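What Swiss-Prot records for CYS33-CYS57, CYS34-CYS73 is disulfide bond, and it gives similarity to another entry as the kind of evidence. The feature signal peptide is assigned by Swiss-Prot to 1-23.
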Amino acid sequence: MKVSATAFAVLLMAAALCAPASASPYASDTTPCCFAYISRPLPRTHVQEYFYTSSKCSMAAVVFITRKNRQVCANPEKKWVREYINALELS
């Protein structure tokens, strides 16, 4: 019994560490915050809209919302992120 509980705890920790860079709620507030950025550009055709995270968040981020309604965190200082934002503003 102890072995299965330990194995479950290890799997739970591994799942938490392997989570993609996505937005998640900050404490009890519904403002999404990011704790990691996506490492490579998203396909531009997958992005529908975006928003900036709140100043309450520990790190600034742009959250892109994909066609499949996924929220993906990106570094607002990256060139591709700024280009996507400009393209979305013009469309």
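Just so it is clear, glycine is given a Cβ too, placed from its N, Cα and C backbone atoms.
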Separation of alpha carbons, CYS73 (disulfide bond) and CYS33 (disulfide bond) (Å): 9
Candidates CYS33, CYS57: member of the disulfide-bonded residues with the richest Cβ shell (10 Å): CYS33
DSSP-derived structure type at CYS33 (disulfide bond), helix or strand or else coil: strand
DSSP three-state assignment (helix, strand or coil) for CYS57 (disulfide bond): coil
Inter-residue Cα distance where the pair is CYS57 (disulfide bond) and CYS34 (disulfide bond), in Å: 7
